[in-house]
Amino acid sequence: MAGGGFAAAAEGGGVTVPVAVTCLMAASCGLIFGYDIGVSGGVTQMESFLRKFFPEVSSRMKSARHDAYCKYDDQLLTAFTSSLYIAAMLSSLVASRVTRTVGRQAVMLVGGVLFLVGSAINAGAVNIAMLILGRMLLGFGVGFTTQAAPLYLAETSPARWRGAFTTAYNIFLVLGSLAATVTNYFTNRIPGWGWRVSLGLAVVPAAIVVLGALLVPDTPSSLVLRGETDGARASLQRLRGPGADAEAEFKDIVRAVEEARRNDEGAYERLRGKGYRHYLVMVVAIPSFFDLTGVIVMAVFSPVLFRTVGFSSQKAILGSVILSLVNLASSLLSSFVMDRAGRRFLFLSGGAAMIICQLAMTWILAGHLGKHDSVTMPRGYALAVLVLMCLYTLSFGVSWGPLKWVVPSEIYPVEIRSAGQALTVSIALCLSFAQTQVFFSLLCAMKYAIFLFYAGWVVVMTAFVAAFLPETKGVPLEAMRAVWARHWYWRRFVVGDAKLEAQVDCL
């Protein structure tokens, strides 16, 4: 019976209009995170913003004698960016328990409202304290939505197309980043208060998230978890279509939730048990490797990096717009190939290309920036850095960019799904906080070697994926344990039963 239900779930579940509309609305939560990633780096290098809040940095920018790598080395300036990530980390941990209690949809709504309020405060800021307060409210909103939205997408989408639908969150994140960089490109020309427009327009994606959260229902798994069985059956039937036979999939969902309740001694405590050792490793490894690629600082501070190698303010923001366009194209490409090529292929090929790009950037910066007291590099080499960053972004956008959201949202069983996602998001945000806070200091101290540092981590993470991450393409969430039971290393930690053996046979 269990094996038959698994096979039916794996084969069925076409893409219906309710599935597409619901998933797109939930994926729009990525807009607010993406807009913030895109807007903060551009605002950070705007001369009007620096003159008002960070005059010392503005003075260093005009000094021809200052070290090219150290122009932006100011802890208070980096706190403007990093404060969002520490707030997001704290709220994502709280969101885990709240999600189990009130559901994914309600948590996405709360996140959107918090981001809306934070955007208004930032737009009207008159001192650094208001900037930090607004940024922390933005972070609370990001923490709630990044915890709930990927789970919502994974639990709602059909197993066959789960990768493509969960990737939609990353696509909206990239769209938000692109909208922010384009906004910065035009507001940078407004003397005195252009930065206020950039920060204030964050209310637009926040309003979209709030509206979307009001219109979507909760997921079948979340409804069953809260005891609303009839509502969960109706929700699943609506998603799969009036004529679809969703009963087998529904029974698998109910069975998974009942098993979680029978062993409900606490999701975080359960993660420490031997039977969940493989999940705990992935909870830590995936977000850690994601951040240690260096992509978060490249995405946030790309305008600053372009200023460092000699671009003007306007051209630096234009370079960020180009990177955002490349990221969008690569994310769209990933959504088409992910459920065909598989997760592991994208992880490994993307990692190899990222290593090559970072090594090439290290070689160019080592030979042509900061030599003979020069604060810029020759134009041809500066353009080469832009091209390499585009290739790096393309490689990341088809691999770790979307897969960082897809894989954690699908590998955890229902009893630890909220806790696992919360820890994954929290670890990623904690590392993002640390990196954005110290990046300018590291750039000043390590200079070009900073990219060599990140390349080393990409080598480690690619080797880890090759050895320890199984392929999850097309496997229903309720049968994901069977994937681990087949793995050469993790199978020693998986407790087997008749149902699991049937699922392994089906795989």
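Yeah, the Cβs are placed from backbone N, Cα and C, and that goes for glycine too.
Looking at 12-33, 166-187, 474-495, the stretch flagged in TrEMBL as transmembrane segment turns out to be 166-187. Below 8 angstroms of C-beta separation, residues 38, 41-42, 45, 163-164, 167-168, 170-171, 174-175, 177-178, 181-182, 184-185, 188, 299, 302-303, 306, 311, 346, 386, 389-390, 393-399, 401-403, 406, 473 of the same chain, each at least six residues beyond the ends of the transmembrane segment (317-338), sit close to that stretch. Scored by C-beta pairs under 8 angstroms, the transmembrane segment (448-469) has its highest count with 345-369, from the stretches 76-95, 345-369, 381-401. No contact links the transmembrane segment (422-442) to the transmembrane segment (107-130), because fewer than 3 Cβ pairs that are 6 or more residues apart lie under 8 A. Per-residue pLDDT, averaged along the domain 'Major facilitator superfamily (MFS) profile' (22-473), amounts to 84 for this model. For the transmembrane segment (166-187), the residues of the chain that approach it from at least six positions outside its boundaries are 23-24, 26-39, 42-43, 46, 149-150, 153-154, 157, 194-195, 197-198, 201, 205, 299, 303, 314, 317-318, 320-321, 323-325, 327-328, 331-332, 334-335, 338, 397, 401-402, 404-406, 409-410, judged by C-beta separation under 8 angstroms. If you look at the transmembrane segment (279-305), the same-chain residues 6 or more away from its ends with a CB under 8 A from one of its CBs are 37-38, 40-42, 44-45, 72, 81, 177, 184, 271-272, 313, 316-317, 319-320, 323, 327, 354, 358, 389, 392-393, 396, 400-401, 404, 407-408, 411-413, 416, 420, 423-425, 427-428, 431-432, 435-436, 439-440, 450-451, 453-454, 457-458, 460-461, 464, 468-469.
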